[in-house]
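Engineer: My questions will all concern the structure given below.
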Amino acid sequence: RQGSKKPFASNGHTMRLPEYWQLKWLYFNAFLHNAGTGRFITLWYKNGCGFTIAQVGTILATARTGDLFFTPFWSGLADKTQQGRLILLSLQLAHMLIFLSLPLSVYLTSADHQWLPFMQPNNRFLILWVTVAVWSAFRGPCNPLRDALALAALGKEKAKWGQQRLYGAVSWGIAHAILGLSMDYGGFAVLFILFTLSGVMLSFTQVACLPASTSESRQAVDLLAGLKQLVVQPHVGIFFLNLLTIGACFSLVESLLFLRMDELHASNFLCGLSVVVTVVFELPIMYWSEVFIRRLGVAGMVIVGQAAWIVRAIGYTMVPSAWWYLLLEPLHGITYGLVWCAGVHYCSLPEIWPEGLEATAQGLLTLAHFGLGPVLGTSLGGLVMDKWGADTMYRGAAIVCLMSLLLYTFSALVNGDLYSPFHRYAVIKKGASDFHLTDTRRKGEAAVTPLPLKHTRHTDRSPLSSVGSSTCDHTPSEGKGLSPVSSMPEVLGKQEVAGERDWEGEQLIVGGCEDSC
């Protein structure tokens with residue numbers, strides 16, 4: 001219920017709770033619970049279980065692989081039965097019990113507690129690997145199901161989902177700070193205590209705050225049709241290949257950075273503090289993502305975010321102490337915030353994805369960026385780090401990421417997806433003799449008056465040229481005026497152009513609004 005009010009007992013005044021506070025509390029609990037299986041779990045695999053870095057990478061990749069295979073099954077079952085909340089609670093209980101069996105497996109395979117013949121220390125990795133594979137089958141679908149039910153609870157105000165999700169990022173940072181400080185004194189037991197207590201609290205919260213079902217079937221995912229789009233439109237395939245590469249590189253930080261900090265003798269508190277720094281800089285970028293989409297467009301956001309990751313990875317190999325990592329972690333917000341928001345926006349464009357493939361596009365995005373990418377990143381990254389060291393791993397990943405960035409930038413330039421973020425005026429290089437121009441600008445309106453031209457310039461413009469275009473209050477809706485960017489491709493490609501003459505044979509400037517929009 002929006003704007004819920006609770007009276008103060010003392011003076012009778014009322015206090016207005018935040019809108020949809022139940023969902024905010026839900027996501028706060030959910031990511032508090034997820035922190036128990038977050039970045040610190042890699043340190044437990046290495047120091048608590050005695051695994052090599054290559055083995056840690058294999059286990060982490062296995063967890064991601066389970067997500068890919070089993071999430072569609074459980075999501076489809078929830079849609080078919082319309083019992084999403086019941087299925088979510090069942091999965092929640094199952095994955096909690098299986099995860100808590102991991103330390104028990106370590107205990108039973110120790111040299112002093114060999115109760116069964118196959119529970120030998122040299123079989124520990126195999127036993128935990130199988131356990132993690134089974135665990136991932138129940139853990140993976142929890143977040144997507146929770147998101148679907150939360151969107152159903154929002155009803156017609158689904159656009160406000162991001163505001164609720166921000167509270168999850170807040171608790172993610174707080175949880176890692178608390179875990180880091182507590183684990184310096186209490187060891188890895190604190191990790192499992194937080195996981196258990198927050199899991200119980202989350203279960204009750206989901207019962208109280210989520211509807212029983214989504215009340216509507218979600219759009220089916222047609223994977224083959226989506227893959228066809230990647231072939232028919234090569235620039236779309238390059239975009240997803242680049243997102244897969246970024247996902248692989250990103251997993252080297254999310255999953256393996258704490259192992260590198262451990263090699264530099266960083267405390268658990270410092271590890272947790274680094275996560276707090278990433279969250280602090282991630283929140284504003286996520287909150288104002290719409291502004292970045294308008295100013296940079298999809299291609300610009302991806303390029304800036306990817307470049308930030310390259311700088312971050314190279315920086316890891318150059319600093320002498322783990323404390324210097326705190327200066328690099330703000331780049332996380334730029335990478336994750338810009339790239340993920342750009343990807344979600346790209347997959348919602350009707351110019352790219354025909355009607356009926358919207359869910360398929362989002363599914364492919366999740367598959368590439370959070371599925372196949374991290375599987376490749378954690379498995380190969382663990383092997384490289386174990387054999388040649390973290391510096392070699394991050395430098396090699398930076399080179400691969402740079403090559404992917406150059407390929408995507410070239411594709412975006414060829415396809416016309418890039419434009420200047422300072423687009424008060426759109427500038428076109430053209431000979432003066434090719435155009436006959438006149439200025440008919442009124443105050444606050446773009447100068448666009450079709451006049452006879454010697455040539456009509458035809459260009460093959462991409463649908464993404466209009467992505468992120470700003471809307472001007474002064475621009476007529478009938479098409480007689482131009483917004484600074486969005487109308488430019490149509491005018492240049494199909495119509496005749498008139499604008500403000502300001503060159504000596506070189507530049508044509510088509511004016512935008514006089515007032516800032």
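Cβ coordinates come from backbone N, Cα and C, glycine included.
Annotations per TrEMBL:
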type: COMPBIAS; residues: 462-474; note: compositional bias 'Polar residues'
type: DOMAIN; residues: 20-395; note: domain 'Major facilitator superfamily associated'
type: REGION; residues: 446-488; note: region 'Disordered'
type: TRANSMEM; residues: 86-106; note: transmembrane segment
type: TRANSMEM; residues: 126-145; note: transmembrane segment
type: TRANSMEM; residues: 189-210; note: transmembrane segment
type: TRANSMEM; residues: 230-253; note: transmembrane segment
type: TRANSMEM; residues: 265-284; note: transmembrane segment
type: TRANSMEM; residues: 296-316; note: transmembrane segment
type: TRANSMEM; residues: 322-343; note: transmembrane segment
type: TRANSMEM; residues: 364-384; note: transmembrane segment
type: TRANSMEM; residues: 396-414; note: transmembrane segment
Engineer: So if I exclude everything within five residues of the ends of the transmembrane segment (396-414), which remaining residues of that chain have a CB under 8 angstroms from its CBs? That is, six or more out.
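Structural biologist: For the transmembrane segment (396-414), the nonlocal Cβ contacts are 234-235, 238-239, 241-242, 245-246, 248-249, 252, 299, 302-303, 306-307, 309-310, 313-314, 377, 381, 384.
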Engineer: If I take every residue in the domain 'Major facilitator superfamily associated' (20-395) and average their pLDDT values, what number comes out?
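Structural biologist: Mean pLDDT for the domain 'Major facilitator superfamily associated' (20-395): 85.
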Engineer: Any contact between the transmembrane segment (322-343) and the transmembrane segment (265-284), i.e. 3 or more CB pairs below 8 Å with pairs at least 6 residues apart?
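Structural biologist: The transmembrane segment (265-284) and the transmembrane segment (322-343): touching, yes.
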Engineer: Using a Cβ-Cβ cut-off of under 8 Å, list the residues of the same chain that are 6+ residues beyond the ends of the transmembrane segment (364-384) and lie near it.
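Structural biologist: 53-58, 60-61, 64-65, 67-68, 223, 226-227, 230, 240-241, 243-252, 254-256, 339-340, 343-344, 346-347, 392-393, 396-397.
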